[in-house]
C-alpha cells in the first residue's frame, strides 16, 4: 500500500522566515505548527520537509551548521510527539553559489527532485499527498511532481499575489481546508 505525505517547506512554513536562518537562537516555530503536524501524523501522513538552503551555497553557513540546526528542530518535534519522516535539502544555487555549490540542481525548487526522491524512497502516492509552501517555487515543485493538493501559506506578501492554488493565512486553516 502506498503512503500519503504532507510535504512542507521549512523557512516561512515551519519556522518564521528570517534571512537565512541557521542558528538555533534565531529559529522560531510558526504558531500552530505542532498542532497541525500532529493532526496530519494522526491521519497517517508521512511528514516530509523539502527545503532550498541557498545560504549554504552562498557561503553564509555550512552544511554542518545546517545539520546542527536540523537535528535540534527534529528533537523539538519529537518532544511534541511529532516524527518527521525525512528532511530533504538542496544547498545549490545556479547563480550565487560558491565553488561546488554554484550549479543548477534537479532538487532545487521549483524543480521536483526532492519530492520525487521521497516518492521513490517512501512509496508515496502523490495523488493523495499535500504540499504547503510560502513561495511560488514551492508550489511549482509540487505541481511538477504531481502532488494533488498544493497550498500557499500566504502569511507574507509572497503568497498574496499568487493565483496558483489554495491559500491559507494560518496553519490552523490547513486542517479545516483538508477536512
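Every residue gets a Cβ built from N, Cα and C, even glycine.
Keep in mind the model is a prediction, meaning the values are calculated, not measured.
Per Swiss-Prot, these features apply:
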- 9: active site, nucleophile (ACT_SITE)
- 11: active site, proton donor (ACT_SITE)
- 9, 11, 134, 135: Mg(2+) binding site (BINDING)
- 9, 10, 11, 17, 18, 19, 20, 51, 52, 53, 54, 108, 109, 135: substrate binding site (BINDING)
- 51: site 'Stabilizes the phosphoryl group' (SITE)
- 108: site 'Contributes to substrate recognition' (SITE)
- 109: site 'Stabilizes the phosphoryl group' (SITE)
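Structural mapping of features recorded in Swiss-Prot.
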residue	record	Cβ contacts under 8 Å, 6 or more apart
9	active site, nucleophile	49, 50, 51, 109, 132, 133, 134, 135, 138
11	active site, proton donor	17, 18, 21, 51, 134
20	substrate binding site	54, 55, 58, 60, 61
52	substrate binding site	89, 90, 108, 109, 137
Assigned conformation of the residue listed as 'active site, proton donor' - DSSP reduced to three states: strand
Recorded positions: 18, 108, 109, 135 - member with fewest neighbouring CB atoms within 10 Å: 18
